[in-house]
Amino acid sequence: KSSKREWKPLEDHSCTDVPWLLLFILFCIGMGFICGFSIATGAAARLLSGYDSYGNICGQKNVKVEGIVNSGLDLTQKKYVFFLDPCNVDLVHQRIKSLALCVSACPTKELKTLADVQKFAETNGSNLCSYELQPSEYTTDPRAAKLCPKHPVPESAPIPFFHRCAPVNISCYAKFAEALITFVSDSSVLHRLISGVMTSKEIIMGLCLLSLVLSMILMVIIRYISRVLVWILTILVILGSLGGTGVLWWLYAKQRVSAHAVETQIAKDNLQALLIYAISATVFTVILFLIMLIMRKRVALTIALFHVAGKVFIHLPLLVFQPFWTFFVLILFWTYWITVLLFLGTTGNPVPNEEGFIEFRMVGPLKYMWWYHVVGLIWISEFILACQQMTVAGAVVTYYFTREKRNLPFTPILASVNRLICYHLGTVAKGSFIITLVKIPRMILMYIHTQLKGKENACARCMLKACICCLWCLEKCLTYLNQNAYTATAINSTNFCTSAKVPFIILVENALRVAAINTVGDFMLFLGKVLIVCSTGLAGIMLLNYQRDYTIWVLPLIIVCLFAFLVAHCFLSIYEMVVDVLFLCFAIDTKYNDGSPGREFYMDKVLMEFVENSRKSMKEAGRGGGAESRELKPM
């Protein structure tokens with residue numbers, strides 16, 4: 001009713017949600033305090049240099065701990081931590097249940113007897129038995145069975161920067177995994193799987209690099225052939241699914257014939273894996289064909305939208321590299337977080353345990369710093385991801401609401417980052433905190449469900465799973481609403497609550513369009529992910545097939561396919577984000593502008609034609625009635 005303009009895209013910039021920015025800064029200061037406290041209490045030295053079971057830090061002089069023998073030693077020349085039984089791991093308390101000593105050198109070869117341990121000590125000057133035993137007593141003192149390492153002593157090498165002697169042989173690590181993966185009844189299978197991964201590590205790395213290259217090529221292709229991309233993806237996925245399924249059945253038939261000649265356990269495992277892969281690929285192909293058959297009439301509606309998104313990537317090429325920067329920042333933060341977590345594991349006062357050895361434990365309120373640190377992991381990680389969403393939204397908004405595209409900033413991405421830092425960090429902090437509030441209860445329930453596995457009754461198990469599922473759905477809905485809120489903030493510089501409310505109302509008013517775009521557009525991008533995974537998996541099958549006689553390649557292929565999907569998801573999620581932002585910009589444009597003087601449309605002509613054609617096709621289908629009309633109703 002009023003002629004007053006309610007939205008002024010990119011005209012007014014103001015700081016939003018400043019109190020939340022201050023709260024986030026205070027929270028980060030608290031995270032820094034935890035790091036500083038752990039370093040000041042000597043945790044950094046204990047973590048990096050290592051310490052023995054008596055509380056002595058290796059490589060330096062130590063202070064005597066009252067009541068503890070062998071404490072307060074001068075270990076300046078003994079710079080490495082050596083565990084008498086390094087493979088004895090207590091997974092419940094996350095520690096190695098073994099006597100730890102400081103030694104001057106790690107054993108560089110396997111020592112099978114106490115005589116070999118004694119010879120190593122006399123030759124290298126590195127005593128691998130407890131401090132109270134001299135090398136000459138290793139073979140004569142009856143205490144040597146308890147105070148010397150378990151035989152055979154595995155070949156070890158120091159871990160870089162952390163001065164711990166770690167076994168070189170992977171069999172010890174297989175025992176770790178065997179304890180973690182409780183569903184593996186035959187430990188020999190697990191050993192063969194891990195051996196397969198280690199044997200094929202070069203192929204795995206090459207295939208992971210291939211998936212990265214394929215994802216970048218697909219992003220470049222999307223920029224230039226967006227009009228025909230949908231049809232190309234559809235045809236390639238059909239051919240890829242048929243080809244992959246056919247190759248799997250062919251390899252299964254071929255290997256089944258050759259398996260009778262070479263009856264080894266590895267050959268049997270590979271034959272069984274091929275059968276499972278072939279059946280799974282057949283089921284997947286059938287389901288994919290059915291979905292594409294149902295959605296065939298909506299494929300044309302997506303072409304115009306992809307064309308506009310392709311224009312965005314042509315004008316904003318740096319969008320392609322946005323996942324790299326986000327991933328790099330996340331890696332830096334996670335590295336910092338894990339480092340501080342390790343500091344916290346060695347922070348505290350020396351306390352004797354039930355075995356008479358020293359452990360470092362925090363007492364009083366300080367022991368709850370773990371929880372603060374865990375919350376920091378979730379909130380700051382979500383904050384970094386939200387910054388990416390705000391950056392992409394700001395860049396696309398700049399493109400959409402700039403009438404003359406030649407007047408775009410030199411780098412809209414950097415302009416968006418500048419606006420984010422100067423005005424909207426508070427909004428990002430608030431949005432990420434809301435996601436954190438939902439994610440923490442879900443993680444707690446998942447932890448409770450894991451701890452009570454096999455102990456709770458069926459009703460409790462069902463209720464736990466239902467709560468976890470509901471919280472997961474709520475988290476996904478809030479993530480989608482947050483993304484739209486960031487877009488509205490980038491357009492009009494409004495606070496988070498206003499930016500979340502108005503787009504929600506607009507999206508509800510355009511529910512049919514939103515459903516059509518999300519259904520067809522997301523499905524096309526899903527086909528792109530499937531294409532990359534299928535291509536990488538097919539290349540992996542052909543390469544690993546040459547090692548089938550001496551390598552189990554079930555686990556290597558799963559690792560490669562998972563990595564390929566994650567890489568494809570990181571790249572194509574940017575494209576999906578661009579499509580969502582474009583549609584919200586269009587919806588706001590049509591709601592608050594009517595094309596009259598002073599209220600001209602900002603939209604691209606192709607986008608307008610897409611929505612108008614979509615609306616006409618839906619009206620015609622509605623007048624036609626029948627099955628087609630009913631089929632459109634869920635949209």
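Backbone N, Cα and C define each Cβ position, glycine as well.
Same-chain residues lying 6 or more positions outside the transmembrane segment (20-45) and placing a CB less than 8 Å from one of its CB atoms are 57, 60, 336, 340, 343-348, 360, 366, 369, 372-373, 376, 379-380, 383, 425-427, 429-430, 433, 496. The annotation transmembrane segment is assigned in TrEMBL to 20-45 (among others).
Annotated transmembrane segment per TrEMBL: 203-222 (among others), in sequence order.
Same-chain residues lying 6 or more positions outside the transmembrane segment (228-253) and placing a CB less than 8 Å from one of its CB atoms are 221-222, 271, 274-275, 277-278, 281-282, 284-285, 288-289, 292, 299, 302-303, 306, 310, 524, 527-528, 530-531, 534-535, 537-538, 541, 545. The feature transmembrane segment is assigned by TrEMBL to 228-253 (among others).
TrEMBL lists 274-294 (among others) with the feature transmembrane segment.
Per TrEMBL, the feature transmembrane segment maps to 300-320 (among others).
Under the heading transmembrane segment, TrEMBL lists 327-348 (among others). Residues 31, 34-35, 37-39, 41, 43-44, 46-47, 51, 360-363, 366, 369-370, 373, 376-377, 380-381, 384-385, 570 of the same chain lie 6+ residues outside the transmembrane segment (327-348) yet bring a C-beta within less than 8 angstroms of a C-beta in it.
The transmembrane segment feature in TrEMBL is assigned to 368-401 (among others).
Marked as transmembrane segment by TrEMBL: 523-544 (among others).
Positions annotated as transmembrane segment by TrEMBL: 550-572 (among others).
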For the transmembrane segment (203-222), sequence-distant contacts whose Cβ falls under 8 Å of one of its Cβ atoms, 6 or more beyond its ends: 197, 229, 306, 309-310, 313, 320, 528, 531-533, 535-536, 539-540, 543-544, 547, 556, 559-560, 563-564, 567-568, 570-572, 574-575
